[in-house]
Each structure stands twice: as structure tokens, then as C-alpha cells.
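Below is one structure, written out as C-alpha cells; comments come after it.
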Amino acid sequence: MQSAAFTLSPSLSLPLRNYSLNASRPSLPLRLFAKHTEGVNSNGASSTSFLRRSWTLSPSSSFKFRPLPPSPPRAAENAVPDSAPAENSLFKTLELGALFGLWYLFNIYFNIYNKQVLKAFHYPVTVTVVQFAVGTVLVAIMWGLNLYKRPKISGAMLGAILPLAAVHTLGNLFTNMSLGKVAVSFTHTIKAMEPFFSVILSAMFLGEFPTPWVVGSLVPIVGGVALASVTEASFNWAGFWSAMASNVTNQSRNVLSKKAMVKKEDSMDNITLFSIITVMSFFLLAPVAVFTEGVKFTPAYLQSAGLNVKQLYVRSLLAALCFHAYQQVSYMILQRVSPVTHSVGNCVKRVVVIVSSVIFFQTPVSPVNAFGTAIALAGVFLYSRVKRIKSKPKSA
């Protein structure tokens, strides 16, 4: 009878998967021993014993590990419907389109209701406080019901956010002051000059100098706004300078957000940041409103002024809701698209708001005025496209 401790044929292929020998590595001898003992087989014949053999494996050896070919994937495990990626892409496109539509719709209704309130109630500071107050209530509901994660805020974070809240408050206050003095279309035409102030403030405080392409795109913006201002039927210096001040403060917010960055570990998303700024803006502006305009939003005062209390309250509430909603949707869009795409969408939004306000309020617009507005908006669109063009470094 024979017994074998271990047998291996030199031509045997070992089924080792994904095994490879690197020729650059040093040769490590691998000896496989086979021992055969003499015995008697079943037929009674004596079997010869063979000597102890060994094989040395090296990268140059003819004995190689040959991996088995991978088994074909199972159809049941890897079957993916061809229509799944297309359906997912279509859903995302429809979702993004719906968000852009809501962004524009909320903007249109905010400007309409806000203008109606400011035409009847000539207290822009109080109107702005009401809008921040409604936003503060919405933020409290959102955090209280865990509709959005409530942030953990430290004193250092509040200190970093305070300047942003201050310029945010001023930006919205100046916008409402302008809307109370001039037509909605003219206010937004002036606000098309935001890129101009963004370039100036970035160069002054951040050392970011514009490329020739960016400077060239500012020419039609400034020229278009100037042409529209000269031919504007509702032109008013108070409204004009209020809109300009709104441009400065809004772009100052962008500069401050870069200079006074919150620590990386304490960073937060844009929706949370906007929510905190809204609450802080309310507490910053409420005392100013009481001090400068008094308590004017009570039913008794509104009735004594001959105003429709219910109508004014409803329009103020709708304007505040639309204001907060379009800001939230804007940040939701920004999380899904690039800043350049968002900037282009914002340019289109301004066109939609101007056209809709002209139609709703029957604002008289001369051909020269319309031409100036169109030039300014075309310059904004051009600015959003050339802003990403980097200047070539000078060769030494």
C-alpha cells in the first residue's frame, strides 16, 4: 500500500486568482516537496519509490501561476435597467427646472406685494423689520420641528457672522427704500450694477484685480444703467442712491464673507447661514425702527391713517413669505449648480422681474429706456460668462 504526504506535478496549474509575479522583485525560492513511500498497490505489484524532489520558483522559471479566467457575471445580479440612468437624469433636470421656476415666481410676487405695501405705507424700516420678523418665525419653526438641522453656534461664530448680518440688513433696507421711491423696474436696473461694485471692492480689500475681459463686460453695464436712468420716467435721486447703496452693501457682504471666514471645523451650509443672518438682522433693525419711525404697524395707527388694515397685513405677510422663500430656494439651487450657472440664472431672474413688474404696474417705458436696460442686463450676462476666464501668468 502507498501513502503520499504531498504530491505535485510540475505542469500543474494552481488556480490562484489575481496573483501576479513582479519581475523587479528579488527571486524567492519556493520549494515544494513530494515524498512517495514504497508499498504495494491493489494488484499486488510493488510500486517504486521516487526520490525527494524540489522545485525552485523564480520570475524566470517556466513554472508560472496562471490565474483562472474570471467567471462570467450572473445576469440576475448585474442586470440594470437601461432606462434607470436616463430616468434619474430626467428627474434631476425636472427638479432643477422646478426650483428655478419657484425662484423666479417668488421673486416676482415679492416685488409686487412689497411695492404695493410701500406705496401705501411709507415706512421702509418698519416694512423691512416685518419681513425679518416673519423670517425669524419661519426659522424657529424649521429648527423647532427639526425640518432642518439646528446648528450649534458658538460665540466666535456669532462674532464672525455679525458683520455679515449688518450689511445684509442694510442691503435689504436700502432696497426697500428704493422700491418705495421709484418703479420696481428701475430699482432692478440700477441693481444690475452689482458686478461693478463687486470688482471695485474685491480689488480694494482682497487684492483680486479683474481681467481685461471682466473690465470690458462692465462697460455695457455702466452705460446701460446710465442710459436707463436718464430716460426713466419715475427717476428720483433718493431712490437712485438707495439702490446704489444697496449694491455697495450687498457686495460688501460678499467681501466680508471671504475676509472673516468662520473656521473650517465650524463651517455651515448656506441655508443655515442665511437663517442665522435673518434672526440677527431682526434683532439689529427692530430697535432702529422703533427709534426712527416709532410703532406704526398697529391696527389703530393704520386705521387712523385711512389704510385697509387687513389688506396691508396680508400683503406684508405674503411679501415676507416670498422674500424668505426665494432666498431659501436660491441657496438650494446653488447647492446643485456651479456659481457661474447660478449667476446666469440670477441675471435671467432680474430680466423676468423687470418685465413682469412693467406689465403688472403698467410702468411707462420709452424705447431708449428699454434699450438702456437691455444693454445693462446683457453686460451682466457677459460678466457672468467671462468672470471665470483667468489671466495668463506673465512669463519670466
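Using N, Cα and C of the backbone, Cβ positions are placed for all residues, glycine too.
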Segment assigned the feature transmembrane segment in TrEMBL (from 349-367, 368-386): 368-386
Segment-segment contact (the transmembrane segment (125-145); the transmembrane segment (221-249)) at 3 or more Cβ pairs under 8 Å: no
Within the predicted model, mean pLDDT of the domain 'Sugar phosphate transporter' (95-384): 89
Spatial neighbours of the transmembrane segment (368-386) far in sequence, C-beta under 8 Å, 6+ residues away: 185, 189, 192-193, 195, 211, 213-214, 216-233, 340, 343-344, 346-347, 350-351, 354
